[in-house]
Amino acid sequence: MSSTANHRAAKRRRRRPPSYFQFATATEERYLAQAIQNSKLDRTRQGKLHIPWAPAFFPTVEEMEGNPLDYIAKIQGVAERYGICKIVPPKGWNPSRYFGIDIDRNPKTFATKLQMLHRLQEGVSFGDGNDYAAKEYLQVSSERTKAWKNTHYPDHDLLARHTSEGRRQFTPDNLERDYWDVVETHTKEVAVEYGNDVDTHDFGSGFPLSERGRSVHGTRNAEKMHLPEPKFGTEDYYKETWWNLNNIPSAPGSVLRYVKVGINGVNCPWMYFGSLFTTFCWHNEDNYMYSINYHHKGAPKQWYGVPGEKKAAEGLERVFKNYLSMKMRDDPDLLHHITTMFSPRLLQHADVVVSKLLQYEGEFVVTFPRAFHSGFSLGPNVGEAVNFATPDWISYGSEANERYRSFRRPAVFSQDRLTFTMANHLEDVKSYSTCRRLLNELERVVEEELRLRKKLSDDGVRDVSDVIALPRNSLDQLDEKSASYDDRRLCHFCKHVCFSSAVACQCSQSKVSCLRHSHFMCRCPTERKYFMLWTSNEELKSTLEKVRAHCESLKTSAVQDVDANEATTESASLGPLPDIAPGVERDLELHRNQEIWTDPLTLSSIMGSLDIPVENRDSMHKVPPLHDEKVDDDDDDDDDDSEIEVIRVVAPNL
């Protein structure tokens, strides 16, 4: 080797690495390694996404005048296999005529989340966007949507409808491609502001409120309480129909009808103000409940869904963990933060069933228990969503409760309280299959409760029920008072509501624990710990026997009750999914060549016809600059390791 070559080699050997590698923390190095690994996965990204469509259903006027839970039970055997489905009301459906928010003059503002699209795959938390009044937000949303259209599709309005130059048209297919170009390749920096989770109690709902006590924040008009059900399409119909998102959580057959306290997003709807590419990331619902989303007005939403059955749901979680394995070491609860978006192509490569749908104005989207879903808006729009739960959800709710305990994550309400409240209202349980599910959950809860009470008692934990008189649990309904009481008796370790019993220690006047985790509460010897019992052993056994007897009585009178829903679900689950889901061809034809809404939404445009105008006004607007703010890497939740307030514990004088 020449001296020159030796000199160059020596210089290469002596060259120091850049400081950002030399002084990188172990966490940063792990994230860098993860990014390199993910880039290998992203190389499989070729061509257009080919995701099958989820089913669409078209209820009749008669079905819209009935209970939506009955209709959903009819379609569940087919729809649940996709995780999501679309419900298209019949001609004449138009609640927008009675839209409940004056978006033109309402001065109230809502906060937005700043979403950096090119970082959605990283699982980082969203920053704070600006606060907007509805009119202001929808104006900005229109300007940004039109700016994207004019920049990327300047010839859209000059092209023929059936031109072969599809790439230049402002269509859902092309916007879907644009979206994933940004999210997956990181070649552009794009920021959007999403007006999600807007409190309808404070801001108002798009649906009119019931006057017959059917919604949490509605009223009770004595003159209307016993009137016949209003006919389809009338003003009173939109107030009182169970399809109204304020009413459906309390519909006959919904488990949530016993929850009388308003829980935002659960039994009180949330409003959603969207813009082009505003994203709802992969998630399933709180407590694995059903959800129903209604599109009031504006550009469509692109949805993706994965069914909630074990193989598919765990498949998505496995993809999520593989893709963000490094970050999940630091934050195992990351999936629940709803801040991560990744392409359905990754799910397809992992053989996970995934489907999609486009939700247009005037249409519902239903998601099923434990089903994962995600998506984004194609322009300015206004939507609303809420949860509901039918009896078949009980086992899913139990599974969600166990999962939350493993992550030390509080549930939105006590699963045990809801179970025992249902057991206290057996007159409402008229189906053997419903009663059987309730019995199975009660048997699980009571068996564990009695077993752990005996074990801890044998270990030396004392029963001081004769010294401490605790108030009895109210089992009539879950109201504000009982919810507040539950919030103050969370297990110190797993954040589970200590409903029937808790363990306390003389060393603390605030800490309690569930029977599973008393050994994590403190280091005191067992002799200093004692039971707090809200329900005695005899009461637990009595409740169980009462439900068991009711189940037997229903079984003798319901030999045929394999439940139409169960039978449908079982038969529909056999074999592969069809090439084309039910209703898809009709739905695609219904929206063929439909223009994407880009104009500002006003109260008059919302309350007018559901038909989307064909013409577009393409005046160019100046787009506000993208925010260049540092995104906070802390998680979105308010949960931390600080003490959660629990019921005050007064140690007995022993």
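Yeah, the Cβs are placed from backbone N, Cα and C, and that goes for glycine too.
Predicted automatically and left uncurated, TrEMBL annotations should be read as such.
Note that this is a predicted model, so its numbers are computed, not measured.
What TrEMBL annotates here:
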| type | residues | note |
| --- | --- | --- |
| COMPBIAS | 616-630 | compositional bias 'Basic and acidic residues' |
| COMPBIAS | 631-642 | compositional bias 'Acidic residues' |
| DOMAIN | 54-96 | domain 'JmjN' |
| REGION | 616-642 | region 'Disordered' |
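Residues 206-208, 229, 231-233, 237-238, 241-244, 248, 251-254, 290, 292, 296-297, 303-309, 312, 353, 355-357, 359, 361-368, 371-373, 388, 390, 564-565, 567-573, 577, 581-584, 586-587, 590, 606-610 of the same chain sit 6 or more residues outside the domain 'JmjN' (54-96) yet have a Cβ under 8 Å from a Cβ within it. Taken together, the residues of the domain 'JmjN' (54-96) have an average pLDDT of 97. Residue counts of the domain 'JmjN' (54-96) by helix, strand and coil are 18 helix, 6 strand, 19 coil (DSSP-based).
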